[in-house]
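Some notes on the structure that comes next.
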């Protein structure tokens, strides 16, 4: 278990805050449960009653398209009542604290909070202060974590590669500002991936990133050699407080994934991206739309994975 406990006294998942320290049994249970939900999308009636009568509040303090939409779809397919709050026009803009906002919503008999916030630790703070009947899902907090994105990435890898124990995985791009990268590394390690590489210029890597058990490369030619899975990341300009790169054109020249660079990886390698993509910056359109790209299926799997997380938290 991590330093931010996510489990109740019975060892069951109470909140999903981070992939760090998440037991492998629970991680696999989420992936297996998600597998059972993939068929729901293909039905004429795309609903099952596992969360009927439950209220799910989406609290997004940062802009989001894929994450907020897939959480909403997932909750509705489980028959939950979904309340989407525009935090940009909420009482927070009038000076109300985060915990006061949550306490007021809890008084409205919320069952689950899905929280995205620009401050690291926001979801953990909420989880520590809500009652035991309420569950909190971290939908991304600052630079810290984005556990459901990492879980849907693991689901995607398992769908296409089956066995984690034989894989060589490369995460390429802005590792420094990426909560996704941190969550991916923890999940990949827990699932037994023997070699995780990070490829980025020195200015886009966290200090002492090697302590996470990854191999560091500053060169795509060496870093992509014989890789099975390529996980691309965008440049997070909104989190950059100073100049980390000379230009996006130069970044694309050295770190953008082109058809030529993709040839360095294994011939059956898959290309992933959590979105939003910046074509011509971290990835060439020919690769993004090519036969080795699994970027669109990756988005679709997010619904089943988020259904699984909410269902398990609700005790199903």
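Heads up, the Cβ atoms here are built off N, Cα and C, so glycines get one too.
Cβ neighbours of residue 146 (carbamoyl phosphate binding site) (same chain, under 8 Å, six or more residues apart in sequence): 138, 139, 140, 179, 180, 183, 274. Marked as carbamoyl phosphate binding site by Swiss-Prot: 66, 67, 116, 146, 149, 275, 276.
Sequence-distant neighbours of residue 234 (L-aspartate binding site) (same chain, 6+ residues apart, CB-CB distance under 8 A): 173, 174, 273, 276, 277, 278, 281, 282. Under the three-state DSSP scheme, residue 234 (L-aspartate binding site) falls in the coil class. Feature annotation from Swiss-Prot assigns L-aspartate binding site to 94, 179, 234.
Largest Cα-to-Cα span within the carbamoyl phosphate-binding set 66, 67, 116, 146, 149, 275, 276: 16 Å. Cβ neighbour count for residue 276 (carbamoyl phosphate binding site) (all protein chains, 10 Å cutoff from its Cβ): 10.
Cβ atoms within 8 Å of the centroid of the Cβ atoms of 66, 67, 116, 146, 149, 275, 276 (the carbamoyl phosphate site) belong to the same-chain residues 64, 65, 139, 140, 180, 274, site residues excluded.
Look at residue 149 (carbamoyl phosphate binding site): DSSP puts it in a helix.
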